[in-house]
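Copying in the features that TrEMBL gives for the protein in this structure:
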| type | residues | note |
| --- | --- | --- |
| TRANSMEM | A:47-70 | transmembrane segment |
| TRANSMEM | A:160-183 | transmembrane segment |
| TRANSMEM | A:195-213 | transmembrane segment |
| TRANSMEM | A:225-244 | transmembrane segment |
| TRANSMEM | A:250-268 | transmembrane segment |
| TRANSMEM | A:289-308 | transmembrane segment |
| TRANSMEM | A:372-402 | transmembrane segment |
| TRANSMEM | A:455-475 | transmembrane segment |
2 protein chains.
Amino acid sequence: MKWLLCFFIGLIVSLIGFFNNLAVENIAGLKFVVTSNMMLARRFGMAFLVFSVSNLILTLFASIITAFIAPAAAGSGIPEVKAYLNGVDAPGIFSLRTLIVKIIGSISAVSSSLFVGKAGPMVHTGACVAALLGQGGSKRFRLTWRWLCFFKNDRDRRDLVTCGSAAGIAAGFRAPVGGVLFALEEMASWWRSVLLWRSFFTTAVVAIVLRALIDFCLSGKCGLFGKGGLIMFDVYSASVTYHLTDVPPALALGVIGGIFGSLFNFLLDKVLRIYNLINEKGIVYKISLACAISVSTSCLLFGLPWLASCQPCPSDASESCPTIGRSGNFKKFQCPPGHYNDLASLIFNTNDDAVRNLFSKNTNSEFQYSSILIFFVTCFFLTIFSCGIVAPVGLFVPVIVTGASYGRFVGMLVGSHSSLNHGLYAVLGAASFLGGSMRMTVSLCVIILELTNNLLLLPLIMLVLLISKTVADAFNGNIFDLIMKAKGFPYLETHVEPYMRQLTVGDVVTGPLQVFQGIEKVGNIVHVLRTTRHNGFPVIDEPPLSESPVLYGLILRANLIELLKKKAFMSATVPTSIDALKLFPAGDFAERGSGNGDRIEELRFTEEEMGMFLDLHPFTNASPYTVVETMSLAKALILFRDVGLRHLMVMPKISGVRTSVPSVSFFKILPVD
Amino acid sequence: MKWLLCFFIGLIVSLIGFFNNLAVENIAGLKFVVTSNMMLARRFGMAFLVFSVSNLILTLFASIITAFIAPAAAGSGIPEVKAYLNGVDAPGIFSLRTLIVKIIGSISAVSSSLFVGKAGPMVHTGACVAALLGQGGSKRFRLTWRWLCFFKNDRDRRDLVTCGSAAGIAAGFRAPVGGVLFALEEMASWWRSVLLWRSFFTTAVVAIVLRALIDFCLSGKCGLFGKGGLIMFDVYSASVTYHLTDVPPALALGVIGGIFGSLFNFLLDKVLRIYNLINEKGIVYKISLACAISVSTSCLLFGLPWLASCQPCPSDASESCPTIGRSGNFKKFQCPPGHYNDLASLIFNTNDDAVRNLFSKNTNSEFQYSSILIFFVTCFFLTIFSCGIVAPVGLFVPVIVTGASYGRFVGMLVGSHSSLNHGLYAVLGAASFLGGSMRMTVSLCVIILELTNNLLLLPLIMLVLLISKTVADAFNGNIFDLIMKAKGFPYLETHVEPYMRQLTVGDVVTGPLQVFQGIEKVGNIVHVLRTTRHNGFPVIDEPPLSESPVLYGLILRANLIELLKKKAFMSATVPTSIDALKLFPAGDFAERGSGNGDRIEELRFTEEEMGMFLDLHPFTNASPYTVVETMSLAKALILFRDVGLRHLMVMPKISGVRTSVPSVSFFKILPVD
């Protein structure tokens, strides 16, 4: 059953990914073809108008649907999914409307020539699909399928979301193994070996479906959808040989990547905080901000190529020069026939094509130093300023473009001293900037390999990634963690801080202690639920139910609310038979879809009901994990993370003798509970 | 500091791996060149004699050093390392003599034309290097370095061993990413994200060092060491395109791989059990068994090619045919000039060269059906019978050869209906047999990609791996787990069996309960240590030390023995000041090198000493993990595996009231403790 779900996740995500690419390639391609044709006719003003207005409309559309319909779809979504897998459930991140806005918004944002990517939104999309399938459809829109409602517990839901995010990367980059590793390394807080296999299965489905769809497209039925298919930057060249002399430039690239990466993270964090201030002022501000970014991007993209001088076409070019009517290495722009504008080839192009140009081999003399530098600076800052707008925007591709541009620059500086061609330097540059900003190792390495389809570069890519990550880690954290912090998600790190060794769990227990009796008065329960925000409560058996006060177990807020809703109250404090559980269909106590839980404030009770009793025993988890209050905080944190707990009970060291009530406290590290 | 250690592990393991390959290529190559020259001179009897005697000598050497010097070096070592990482410490697996025997024995076993691999022993070698470096050298041989003795606790040791085994695969297959994933998926029971990065670093070092060494070898200074370098089966061909029609054969290969793989595991398990019976009879039996296998292998390898008919050389062969004086696709064997023996090309060759031949492209008409079938059957059974001999032998390469042979056979059957060449079918066959016997997914996928250097096959390889694993899992378990069971290691599975949900931890607690007082009489401690085999004991504070009996913590057997050795006894039951800990250098309580602990039987005490007291408080772990006795066994198992525990204390539900001694029990799932 789970396998079937994984199969569907893979299938749907790959279809979405393919559709996404198809739409972007066609919309953006059409836009560039129309503008280029106007440029050919030397109607430059008109070309600029068409270019900037179409960009503005696309951006406006993306930001309006995001702001009005599903604000949770803004940004890349990776931090949200990561936080969810850590146990932090942000409202609305997995609803159907978020999914739809994410897909459509991402297509129009990417098509609008902003410096934004579509891989991040694909991860969120994959996670969304998984969560929706896992809860059997969307409740709000009555699209539920009974037979899909098998997985109602938290653990299965999280597993599916992990598989979904793996599928997202697999579909976004056509990198199935990279997707699994990304989910493992970056996303998941909690991992089982079964999960490895299941996510591998999901991404395998994605890989096979995509392969079949691309086969279909190769027959030319997909409009402007290029031959490369998706973003596969093929740097496949039969003779990658390199020697020890190529190691120093690679080391240099690693260091540069680390410095730029941490600077990028630092600036992005600052800009996001400023944007947050602007966005708080209202929807109009949000949308104006997006429009401002769009207009300035259009101006830069159209204006900057005029700075570059026209180059004569190389006589030995393998493709037509200048390229007319399609994407290619040599953009004509404003140049006379037989010449091309190298900056326009990079900047007045989709990001994917820019990367393809930078990675291309046998083009060592294509670019001028100044063009590459201008391109790098533009990319770097436009990426930072575009990331925080209210639309579904990713970071992967812009980071790859930026990295590739300075990589190519370093390659040009090294020149003939190296046996590597400049395209390979661009790959290494992209690796270093990814490593410096995202700080992953194995997964980035595999993703880059799968993107570039060249395994012989592997040792150098590993070297570059290690160095850039090490350098950047000296300055600040991973970009997703920074965004997560900026968004205020209380993420529980694996890392044990030194101060935690000094504290005991007793020091951080959340108070005040709220305890229920095994058979509790309805009024008490309602009062406690209304006055606290705890999500779990200890249940104590006291005399006469037991000889001495003893901890019976832990009951969850959601279950209590469900019980109160059913109003199966008793008039006396006599224990019910264990069959009470059978009165309720199992689904009622299942994990809710995110954000769909009832709230205590919505329930109303009569005076009479408030005086009645509830037997909590059948609904209590009778063997919760417990620790003694003197345990060090560090150890409790390890327990929390490694076992994937949501609640942990803290027991006093000496119990039952001094006081009649064992002072069981309720403890939470996860602040959302 | 840990990074430096990882660097050294990577460096040493890659040097060993390189040396290993160099030695094998030269010894085996020399043997084949000499024999082939004799064959050319048509002195067939002499050739057979030289071939079989040199094989016998090499096997004899490998089995003698293994049997007499380091029996722990027999087999692949992967099950032992896996068991160690699970917490089961087999005697002598990480000693210096095991390491040396493993390296030399593996070289001679592989050179002796047995159907054994060198990747498995490389994993053990890597783990050994890591463990030895981690404990600062070998105590027995006085090769210790003070500055390396930083990592004395169990967790750091395990982390290093994990990195070491990743480095082993990386060096064995030149597959750095595959190595990390192998360590993650197959070896480690307990994984942290830091470890991912550290093992990635280790394998990056391996990749870079190997790359440099191969560069050095390309200049021709390494004797018969081939151009391919290590076992890198390059199936790099510019035009891998496949269509939906290629999927059915791939599915069929997956199913075949699953069936053959599970059959292989089943037979191997049976044969290992029979061998165990033989081996138990004594060293002479062990060595005779190895010799018998060697002689029959030699006979088969030399005899079977006579069954195959000579083929005329193809006119369009890209390399010389027949190949003379070096390894190549077309072995002459007994054939007249201008002809070659296709079976000899496969069977009368090193395994690496056989794989290379099977994977080679543009050789679709090289092999006959009968030759491939004979080769497959020979490989299959020789691998099974060679695996259990008393020498360091691996399984990876024989499994790859076997899988590649039936893959090629299927490719020949499909023939021109497919757009894939037969070499790619051999790759898929190897993948299916690996998947069917070893049951890994992501790591095998990446290892195969890195071995064959062709990313475009990825979707098909994923498909084949998934199907073969699924089919094979229906019959029996992973081959390493089977070997581990046959060797009697008590491995703790992650998987929760259904019956565990019915049991509580109270049901499986090990008795009898042995408790120490906070200040305990030496005689009692000695008595308890001598009469039980528990490795940890609860420490209880009773009145007058505390108001009521209360659990103070857990003390380990090793620490008690250390305390007894120091004889820092007190004459009265007065608590010492906390400074007692300072009397001992920290190193005394550090984790011992494996198997080096003192034993209680070796300690002697006077009557007077037996009457004195020991204050256990400073040496007790005051916050051990505890569970209540009613917790389900399944939950306790999850706690054990996920947190990586060795001991777990079980508390009674109601304490302190009914009896004066809280009945704290000691509980272990890990049977080795």
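Cβ coordinates are placed from backbone N, Cα and C, and glycine is handled just like the others.
Distances, neighbours, how buried they are, the whole picture for these features please.
Sequence-remote contacts of a segment are chain residues at least 6 beyond its ends whose Cβ falls under 8 Å from one of its Cβ atoms, and for the transmembrane segment (A:47-70) they are 27, 31, 34-36, 38-39, 92, 95, 97-98, 100-102, 104-106, 108-109, 111-114, 283, 286-287, 290-291, 293-295, 297-299, 301-302, 389-392.
Sequence-remote contacts of a segment are chain residues at least 6 beyond its ends whose Cβ falls under 8 Å from one of its Cβ atoms, and for the transmembrane segment (A:160-183) they are 2, 5-6, 9-10, 13-14, 16-18, 78, 81, 84-85, 94, 118-120, 122-131, 133-134, 151, 191, 195-196, 198-200, 202-207, 210, 229-232, 394, 396, 440, 442-444, 446-447, 449-451.
Within the same chain, residues 380, 383-384, 387-388, 399, 402-403, 406-407, 410, 425, 428-429, 431-437, 439, 460, 463-472, 474-479, 482-483 sit at least 6 positions outside the transmembrane segment (A:250-268) and bring their C-beta atoms closer than 8 Å to a C-beta of that stretch.
Same-chain neighbours of the transmembrane segment (A:289-308): 47-48, 51-52, 55-56, 58-60, 62-63, 112-115, 275, 278-279, 331, 333-334, 341-344, 347-348, 368, 370-371, 374, 378, 382, 385-386, 389-391, counting only residues six or more beyond its ends whose CB sits under 8 Å from a CB of the stretch.
Tertiary neighbourhood of the transmembrane segment (A:372-402): same-chain residues 59, 62-63, 66-67, 71, 73-78, 101-102, 105-106, 108-109, 114-122, 124, 172-173, 231, 260, 264, 267-268, 271-272, 275-276, 279, 286-287, 289-290, 293, 297, 300, 304, 307-308, 343, 346-347, 351-352, 354-355, 358, 408-409, 412, 430, 433-434, 437-438, 479, selected by CB-CB distance under 8 Å and a gap of 6+ residues from either end.
Sequence-distant contacts of the transmembrane segment (A:455-475) (same chain, six or more residues past either end, CB-CB distance under 8 Å): 240, 242, 246-247, 250-251, 253-255, 257-259, 261-263, 265-266, 424, 427-428, 431-437, 439-441, 444-445, 448-449.
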Which sequence-distant residues neighbour the transmembrane segment (A:195-213)? Criterion: at least 6 residues beyond either end, Cβ under 8 Å.
2-3, 6-7, 9-11, 13-15, 17-18, 159, 162-164, 166-167, 170-171, 174, 176-177, 179-180, 183-184, 188, 230
